[in-house]
């Protein structure tokens, strides 16, 4: 056995040397050098300083500008709210614990941090799924002439919270549990042990199949169909330069969206699956911490991809930041209307 299981924790190191100590009571500098904990704290501070303001600004700008409160934008606001939860309740705890070198808030604090980090991450993940489905419905029109309304948008948001809760809540009530992971300064579901008391095995199988495989399949299908539809429409209007430009923009955005999703979740899910199917195998605390870096970074690059690259949101943000006077003048506003025209022309009639 290459790990040590204790009361609500698992350390990826054998206790034959007698070095292993509870991550709730003692610094974990035997797992990694102190500077690595400080580097992790700096990384979390970076995400807090940049991720939290971008997500909060998205919420503020949407509240200030009525034209942003359109049904197709609701899910972007939900995505920003999820990022805010991750940054405020998750990143701040990891920052504090990394500075101290151990899970300084104890088992209860670990469970709370693990819950909010998982909830925010899952809301963000399912928001990307709903966003992909919404765009698929609007552009590909699988249901014919379908009017996307506020009720549909709110149903999509409710769906993200139901799915996220079905993943984040069970460990609080005995189906799996939240324990320190990586360098023992942040918490997540228990992938590491086969403790029958918590039915970890069934929970991990459920989480991997329902909360990773299903989203990946859905995103690849919907965005793949969207690109094919846009390319087919552009091929029928080859004489239109605006249509060709819109097709290229849509393709680039889809590639960015899919890559962003894969970068955020594939490393974490893959390593967690490897741990699950190789119980007792040797791995370092840093090896588990690195994939978590990518999933946490989604709170920063999701709003960049989905909000800051959205011309309408970007224009309103600049107006808000510069007190109603965008430094880009009228160009940005005009590009918004142009973008709308291009997208509608690419969409099949």
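Here the Cβ of each residue, glycine as well, is placed from N, Cα and C on the backbone.
Annotated compositional bias 'Low complexity' per Swiss-Prot: 334-349, in sequence order. Look at Swiss-Prot and you will find 110-187 tagged as disulfide bond. Marked as N-linked glycosylation site by Swiss-Prot: 2, 15, 200. Under the heading N6-(retinylidene)lysine, Swiss-Prot lists 296, citing similarity to another entry as support. Taken from Swiss-Prot, the feature region 'Disordered' applies to 328-349. Residues annotated as topological domain 'Extracellular' in Swiss-Prot, with sequence analysis given as evidence: 1-36, 100-113, 177-202, 277-284. What Swiss-Prot lists as topological domain 'Cytoplasmic' is 62-73, 134-152, 231-252, 310-349. Sequence annotations record features per position, and here Swiss-Prot assigns transmembrane segment to 37-61, 74-99, 114-133, 153-176, 203-230, 253-276, 285-309.
Here the listed stretches are 114-133, 153-176, 203-230, 285-309, and the one with the most C-beta pairs under 8 angstroms to the transmembrane segment (74-99) is 114-133. Counting only same-chain residues 6+ beyond the ends of the transmembrane segment (153-176), those with a CB under 8 A from a CB of the stretch are 71-72, 74-75, 78, 82, 111, 114-115, 118-119, 122-123, 125-127, 129-130, 133-134, 189-190, 197-200, 202-204, 207, 210-211. Around residue 110 (disulfide bond), the same-chain residues six or more apart in sequence whose CB sits under 8 Å from its CB are 8, 24, 103, 178, 179, 180, 187, listed in sequence order. At the 8 Å Cβ threshold, with sequence separation of at least 6, the transmembrane segment (253-276) lacks contact with the transmembrane segment (37-61), having fewer than 3 such pairs. Non-local neighbours of the topological domain 'Cytoplasmic' (62-73) in the same chain are 80, 134, 138, 148-150, 152-153, 312-313, 316, 319-320; each lies 6+ residues outside the stretch with a CB under 8 Å from one of its CB atoms. Counting Cβ pairs closer than 8 Å and at least 6 residues apart in sequence, the transmembrane segment (203-230) and the transmembrane segment (285-309) reach fewer than three and form no contact. In the three-state DSSP scheme, residue 2 (N-linked glycosylation site) falls into the coil class. For the topological domain 'Extracellular' (177-202), the list of distant contacts is 3, 5, 8-12, 23-24, 28, 31-32, 36-37, 40, 90, 93-94, 97-98, 100-103, 110-111, 113-115, 117-118, 171, 272, 275-276, 279, 285-286, 288-289, 292: same-chain residues at least six beyond its ends, Cβ to Cβ under 8 Å. In sequence order, 12, 13, 14, 280, 281, 282, 283 constitute the residues six or more apart from residue 2 (N-linked glycosylation site) in its chain with CB-CB distances below 8 Å.
Non-local neighbours of the topological domain 'Extracellular' (277-284) in the same chain are 1-3, 12, 31, 192-194; each lies 6+ residues outside the stretch with a CB under 8 Å from one of its CB atoms. Here the Cβ of residue 187 (disulfide bond) has 33 other Cβ atoms within 10 Å, regardless of which shown protein chain they belong to. In this structure, the C-alpha atom of residue 296 (N6-(retinylidene)lysine) lies 30 angstrom from that of residue 15 (N-linked glycosylation site).
Of all Cβ atoms in the shown protein chains, 14 besides its own fall within 10 Å of the Cβ of residue 15 (N-linked glycosylation site). Remote same-chain partners of the topological domain 'Extracellular' (100-113), defined as residues 6 or more beyond its termini with a Cβ less than 8 Å from a stretch Cβ, comprise 8, 23-29, 34, 37, 89-90, 93-94, 171-172, 177-180, 184-187. Long-range contacts of the topological domain 'Extracellular' (1-36) within its own chain (CB-CB distance under 8 A, at least 6 residues past either end) are made by residues 100-103, 106-107, 110, 177, 179-180, 183-185, 190, 192-193, 195, 280-286, 288.
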